[in-house]
């Protein structure tokens, strides 16, 4: 009987461009997932913010997003990635180094069958969206020059510490067994707490801007929200670092939870305010996306529904009831309510992950069962100690991220304030985009009538602008 030697199809044969350790399918999906995450910021949150604020802040709000994305990507490759995922220097920080050398970028990454270049890109867009989310708390009054300095400082001295501690295999929380599938802690809890803290230091918008702030373009806002939702397919689907059944589960759980959260928020608005609010629906969508993020690939579909109901109701209650009755919340001007939509929803998702995480799914994602077991399954499998331990680890993670971001963000704001004011002048805030950037979002004939208002002319002259004829 003749035996023929086995040979791979020509398109699968390894070569210098496709080493034998690289899986082309995994690499292709990882690059696609990273691009979906990038689209959540540019143009997703860029146009969501630009459409959500008053017309006079549309350019400034969008520009804060564009700058943050560009600045983070460069700083990430220059030093941020190795701080977050490099060789261990201390239990919560990697050794500083570049991720710019071609030899390093083409080597296999620390997890997954694709090169470092792909991982640097994937993790870079995650880092970028975190700063973009912080911007949401500061819209309508932060000095753009202060923002330019704040972004690289916060990336370096806050984000990289959280990322290493939770996501890097050498991080102390990773070794404890914390469950954060795709960034409920690293991205959302961090950005929510940091945004609220920075908003405290920057100060509030003008009184008239806080009292009435209708979106300048709701349809544009919805377009940005839609990109955010669909882009989350890559946000959660890319985190197993492999094209797997776990990635598929993460994707469907993401959309199930988000839909349940949006509908829950919508129903609460109808019951208590008698009107179905599209702005409220977007808030419910965001809280659902955030809540499922730390659990996406490690919980069952029915758990995703429960998490969606919780994320559509608990942040709704904190925003619509507690916020309005709390003097502290009222003093801090959190423009896009990132404390509620990201910090509270992210910590809620982290705690619920500790309740509903399935041991088998944890093995698929982490490669070992270890202590990874939700309390629900710990009680069912008579592993009560492990179940309660998981909840404890999740709570330790919440405390660590909250304390780190309050302290680091406060220090960064104080340092920035030494060199320049964190806040625009009253005159600049009165005018908006034209005073800050010399540009306006909408050039409409009716705008000229507003510019003839004596108060506008006085504010513009104080801000150093010139009247256009």
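Backbone N, Cα and C atoms are what each Cβ position is placed from, and that goes for glycine too.
Copied over from TrEMBL, here are the features:
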type     : residues : note
TRANSMEM : 28-50    : transmembrane segment
DOMAIN   : 28-442   : domain 'Ammonium transporter AmtB-like'
TRANSMEM : 57-79    : transmembrane segment
TRANSMEM : 120-139  : transmembrane segment
TRANSMEM : 146-167  : transmembrane segment
TRANSMEM : 187-206  : transmembrane segment
TRANSMEM : 218-235  : transmembrane segment
TRANSMEM : 247-271  : transmembrane segment
TRANSMEM : 278-296  : transmembrane segment
TRANSMEM : 302-323  : transmembrane segment
TRANSMEM : 335-358  : transmembrane segment
TRANSMEM : 392-420  : transmembrane segment
Practice task
For the transmembrane segment (247-271), name the stretch out of 146-167, 218-235, 302-323, 392-420 with the most CB-CB pairs under 8 Å.
Solution key: 302-323
Problem - Chain residues in Cβ proximity to the transmembrane segment (28-50) (below 8 Å; excluding those fewer than six residues from its ends, i.e. six or more beyond) - result: 58-59, 61-62, 64-66, 68-69, 112, 114, 118-119, 121-122, 124-126, 128-129, 132-133, 135-136, 139, 217, 220-221, 223-225, 227-228, 230-235, 237-238, 241, 243, 247, 336, 441
Problem - Stretch among 146-167, 187-206, 218-235, 302-323 sharing the most Cβ pairs under 8 Å with the transmembrane segment (335-358) - result: 187-206
Fill in the blank from the handout: If one takes Cβ-Cβ under 8 Å and requires six or more residues beyond its ends, the residues near the transmembrane segment (187-206) are 126, 129-131, 133-138, 140-142, 146, 150, 154, 158-159, 162, 213, 290, 293, 331-335, 338-347, 349-350, 398, 401-402, 404-406, 408-410, 413-414, 417, 422-423, 426, 429-430
Completion exercise
Among 146-167, 218-235, 392-420, the most Cβ pairs under 8 Å with the transmembrane segment (278-296) come from 218-235
Practice task
For the transmembrane segment (392-420), could you work out the same-chain residues 6 or more beyond its ends whose Cβ comes under 8 Å from its Cβ atoms?
Solution key: 143, 145-146, 149-150, 153-154, 157-158, 161-162, 165-166, 173, 176-180, 185-186, 189-190, 193-194, 197-198, 201-202, 343, 347, 350-351, 353-354, 371
Practice task
Tell me, roughly as an integer, the mean pLDDT over the domain 'Ammonium transporter AmtB-like' (28-442).
Solution key: 95
